[in-house]
Amino acid sequence: MEFSPRAAELTTLLESRMTNFYTNFQVDEIGRVVSVGDGIARVYGLNEIQAGEMVEFASGVKGIALNLENENVGIVVFGSDTAIKEGDLVKRTGSIVDVPAGKAMLGRVVDALGVPIDGKGALSDHERRRVEVKAPGIIERKSVHEPMQTGLKAVDSLVPIGRGQRELIIGDRQTGKTAIAIDTILNQKQMNSRGTNESETLYCVYVAIGQKRSTVAQLVQILSEANALEYSILVAATASDPAPLQFLAPYSGCAMGEYFRDNGMHALIIYDDLSKQAVAYRQMSLLLRRPPGREAFPGDVFYLHSRLLERAAKRSDQTGAGSSTALPVIETQAGDVSAYIPTNVISITDGQICLETDVFYRGIRPAINVGLSVSRVGSAAQLKAMKQVCGSSKLELAQYREVAAFAQFGSDLDAASQALLNRGARLTEVPKQPQYEPLPIEKQIVVIYAAVNGFCDRMPLDRISQYEKAILSTINPELQKSFLEKGGLTNERKMEPDASLKESTLPYL
């Protein structure tokens, strides 16, 4: 039987349609909500789902699969669970949680999923990076050897931080923990403007966990007024955000910082603060019916912080020589550094800056307890001139505290003890610094040099801050810059500041 040309054409068309009929279908694995409440959804039917995979509910809300059990999957919801009902469809996305990263993020405020919340529109050209990745291995790393200047005399001289280090800032509420972190960001402005190439620039990522929205807005204003937003990224999971977002925010910020580290640049990531992340994780774990341990935290709360902080690293020259420095913040209760979370993070980090309430109220700000604060690797990264200048000051301060405690009994002291008390009082006064006024490292060297070498010994304590401003204007700026060289303070270099310091001391005695 022969078809007419028109019929033959229709037959061919039908055959091709039937052949390609199934090609446009996309098969998704779906499940159904068994129960929902307190931000946790139990879903039946997602048999092939991966741990940590993103899912999407019928209402458009996203979630992450954390508990993979025989009968159902425990999913924590990123957002309000009021729109999710029993029996709703849940679709696998097939992707593990990822966030945008790249230079397009600089100057922006984003949430824990990398969605902009600053009203400046969508992000421009960027790449996406996994939130949870393995930390660099031993072979890919190099020991910390470059300084990361904070602009604070007390930190840069006594507890120096290197690029690639993890230095904990720990203290009670209202002791100035965030102030140290913000000063460090502000100090990078003049450090970055001095850098000749991209590999010297330090980009900052500030992760706000469980803070008030007004506090985050205030921080954005401070950074924008100081033109510091141009090299900073803010990740905000505020107190009004659900616990899963507060848990995720540090990992998101870390992934954004790792873009710079892995491309031969330098990043500083501030986690403010990890105590609130641990509380959010405890809330999620208890709602997922995971067994509680000490202080009702789950058994893997140590791993929660260790896998995050191990991602801070100084890369070897073969892998680009980039670095990411971590400054985690922990809030203590009534100065108890031996609680569960503080001891965990102290054991993970490479040192800690301890802030104390009584030091703060004595007017010593930043309120650093020099005896408890330590930097385990930072001295290898400290500038040679700074190391020469403040080498003995930590020991002198320790002796001063010992003698000062003894002197309270009012017994007569010999001349040596009185000299030690006198010098110690000056060495305690010199590191004081107003908030949001970081000092360039070469100026810090001059000020500390004057204090350590006895130029302030006969000066009233209340005139030291005026003297500090005066000597910085008298010392030759070229000489100050020469302190940054590898040679440090040679005998020839010491002679010129000695003469200037002697002369400028006279009006303040």
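Cβ from N, Cα, C; glycine included.
Note that the coordinates shown come from a computational prediction; the quantities given were computed from them, not determined experimentally.
Residues annotated as ATP binding site in Swiss-Prot: Gly171, Asp172, Arg173, Gln174, Thr175, Gly176, Lys177, Thr178. All chains included, 19 other C-beta atoms sit within 10 angstroms of the C-beta of Gly176 (ATP binding site).
In three-state terms derived from DSSP, Ser373 (site 'Required for activity') belongs to neither a helical nor a strand segment and is classed as coil. Residues or ranges marked as site 'Required for activity' in Swiss-Prot (evidence: similarity to another entry): Ser373.
The Cβ of Asp172 (ATP binding site) lies under 8 Å from the Cβ of Glu331, Thr332, Gln333, Ala334, Gly335, Leu355, Glu356, Thr357, each of which sits 6+ residues away along the same chain. The recorded positions considered are Gly171, Lys177, Ser373; of these, Ser373 has the fewest other C-beta atoms within 10 angstroms of its C-beta.
A Cα-Cα distance of 15 Å separates Thr175 (ATP binding site) from Ser373 (site 'Required for activity'). Between the alpha carbons (Cα) of Gln174 (ATP binding site) and Ser373 (site 'Required for activity') lies a span of roughly 18 Å. Here the C-alpha separation of Ser373 (site 'Required for activity') and Thr178 (ATP binding site) works out to 17 Å. For Arg173 (ATP binding site), the same-chain residues lying six or more positions away in sequence with a CB closer than 8 A to its CB are Glu331. Of all the binding-site residues listed (Gln174, Thr178), Gln174 has the fewest other CB atoms within 10 A of its CB.
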